[in-house]
C-alpha cells in the first residue's frame with residue numbers, strides 16, 4: 001500500500017474544505033455522501049469510520065478525514081483486500097499517536113475481560129459449553145436506561161439514529177464490546193441496512209449489546225418473527241441525501257451524483273474529486289437556459305413591434321382613403337342619377353368595418369406585447 005503523497009493531501013484538503021467543516025471538523029452526515037458514493041459495503045464503511053475517528057467524537061478533523069479518504073480510495077482501487085484492524089504506522093498522524101496507543105490498550109483490556117468472563121474454568125464440561133442466550137424481554141427499568149442512551153445519540157430531526165452516533169453512545173456505557181459486536185448487532189436490528197434506525201430497533205440494539213457486555217451472551221443470528229416484521233417496516237425518511245428524496249429533486253440526484261465516482265484506473269485515482277462544485281455547474285446551466293428564454297422573448301417582442309408598425313401604416317392609409325371618399329361625397333355636385341351614392345356609402349361602411357377590425361386586432365397585439373414585456377422583466 002503506497003504511502004501518502006503531498007498532492008493527495010492537497011486534493012483531500014479541497015474536498016474537506018468543500019464540505020464546509022465547522023470548527024475544522026466534519027460530522028458523519030456531512031461525509032455521508034462521499035461514503036455512499038464509494039459503493040462500499042456498509043460494514044466496511046463503518047469500520048473505516050471507526051479507524052479514522054481516533055478521538056471517538058463522531059466527527060473528523062482534517063487529519064482523520066485524510067485517513068478515511070485514503071482507506072476508501074485503497075478499497076475502491078483494490079490496493080487492499082480488506083480494512084485492517086489497526087491503522088498502519090505511516091497513516092497515523094503524529095499528533096494522534098498517543099490516542100491510537102490508548103485506544104489499542106482499551107480494546108485489548110476489554111477483550112481480555114470478555115474472555116475471562118466467557119472462559120470460566122470449571123470441572124464440568126457441560127457448564128463450559130453453556131452460554132446464556134439473549135433475553136428479548138425489556139423490563140421497565142431497562143427501557144428507561146436504554147431510552148436515555150438512545151436520546152443522547154439522536155442527531156436528526158426525525159429522531160432516528162445513525163450507526164456511528166448510537167454505537168458511540170453504547171460504547172461509552174458498555175466498554176466490553178468489540179467493533180464486530182456492534183456491527184453484527186446493527187445488521188441484526190437493521191435488516192434493510194438503512195443509514196439510520198428508529199427508536200424500537202435502537203432500544204433492542206442497546207438491549208442486546210448490554211447482555212453481550214454483562215453476560216457474554218452470543219449475538220443472535222436472527223430476530224423473533226414479530227420483531228423482524230416491526231423492524232422491516234418502511235420508514236419515511238426526511239434526510240435529503242436519502243433515496244426517497246430523489247423523487248422530489250431529480251435534477252440534483254441524477255446530474256450530480258457523479259461528484260465522487262469509483263475510479264476505473266489502477267492505483268489511487270484522485271480525478272474523481274473533480275466536479276465537487278456541482279451546485280455551481282447546475283446554476284450555470286439554469287442561467288444559460290434563462291438567457292436562451294430571454295433572447296427568444298426579445299425576438300418575439302421585436303417581431304411584434306414590427307407587426308404593430310405595419311398595422312399602424314395600414315390603418316393610416318385606410319383612414320386617408322376613407323377621408324378621400326368622404327370628400328368625394330361631400331364635394332360632389334353631380335346629380336344622384338350620375339353618381340352612385342348608395343355604392344359609395346357601401347364602400348365607406350365597408351372601409352369603416354375594416355378599420356374597426358384592424359383597430360381591434362391592433363389592440364389585441366398591444367395586449368400580447370405588454371404580456372411579453374412582463375415575462376421578459378420577470379426573467380431578469
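Cβ coordinates are placed from backbone N, Cα and C, and glycine is handled just like the others.
The range from 204-237, 238-271, 272-305 that Swiss-Prot describes as region 'Disordered' is residues 238-271. Swiss-Prot assigns the feature region 'Disordered' to residues 102-122, out of the candidate ranges 81-101, 102-122, 123-143. For the binding-site residues shown (53, 55, 64), fewest C-beta neighbours within 10 angstroms: 55. Every protein chain shown contributes to the tally, and the Cβ of residue 59 (Ca(2+) binding site) ends up with 20 other Cβ atoms within 10 Å. In the structure as shown, the Cβ atom of residue 57 (Ca(2+) binding site) sits within 10 Å of 12 other Cβ atoms.
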